[in-house]
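Here's the structure we're looking at; comments come further down.
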């Protein structure tokens, strides 16, 4: 079995593959203050709850955008499975043609999701990851990754709004049909939802206009914790995949598994 891990600033997300099939997933909060023993115990229990034995894990691949966690995660995996981690990065085959100013600085999560999106959907293609940090990346008609945009996710905006405004309450993140909120709570919910969704839709529209795609349908792959908030995009084909990052990690693993010990 393959354990795929996505390490970001808020969570460490895990997916477990049996051959090509995703058979389980879970996530834990990213916390550098927790010990390896504590996290090992937690992860062990989460895996066993899914009727999977630790010894069933043959390999581990990871995408990591938190550099200070690299060594810690390597030790964690060694402690749990006595395995080395394959990290998406320099020296790892992805099959993705990256046409950016500095390809090495493109986040491994963005690369991984682009690999997965391109494997299942025709270009031109937008990968929209609606997570804590939101990214919108483009693969052009020539199947080249040409870059994208990075901006705060809706939950990050919510956290900042609450932190910087002492009298404002905590509110849930939900879609709200009513535009004008008639209470502080409903005004916040509507403001967070509409500012975020309109930003996503507006950026997608700007990308289409700037790439002469205004009259063509573009494929959009939506992923991330808040992808359900975006219900439709004009003149676009929407594809949803909550586990896009895991699919990308599996693809990249398959490209590199024969070279892992070389």
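Any Cβ shown, glycine's included, is placed from N, Cα and C.
According to TrEMBL:
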BINDING   6, 7, 8, 9, 10, 11, 12, 13  ATP binding site
BINDING   107, 108, 109, 110, 184  substrate binding site
ACT_SITE  109  active site, proton acceptor
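When the Cα of residue 11 (ATP binding site) is compared against those of the binding-site residues 107, 108, 109, 110, the shortest separation belongs to 109. Non-local neighbourhood of residue 7 (ATP binding site): 30, 62, 63, 64, 65, 66, 69, 73, each in the same chain, at least six residues away, with C-beta under 8 Å from its C-beta. According to DSSP, residue 110 (substrate binding site) is assigned to a helical segment. When the C-alpha distances from residue 13 (ATP binding site) to the binding-site residues 107, 108, 109, 110, 184 are tabulated, the minimum falls on 109. Each residue contributes its Cα atom, and for residue 12 (ATP binding site) and residue 107 (substrate binding site) those atoms are 15 Å apart. All protein chains shown were included, and the count of other CB atoms within 10 Å of the CB of residue 110 (substrate binding site) stands at 25. Each residue in 27, 30, 65, 66 lies on the same chain as 6, 7, 8, 9, 10, 11, 12, 13 and has a C-beta within 8 Å of the C-beta centroid of that ATP site, without being one of the site residues. For the pair formed by residue 107 (substrate binding site) and residue 9 (ATP binding site), distance between Cα atoms is given as 12 Å, rounded to the nearest Å. Residue 184 (substrate binding site) has 10 as its nearest neighbour among the binding-site residues 6, 8, 9, 10, going by CA to CA distance. Non-local contacts of residue 108 (substrate binding site) by the CB criterion (under 8 A, 6+ apart in sequence, same chain) comprise 63, 64, 65, 87, 88, 89.
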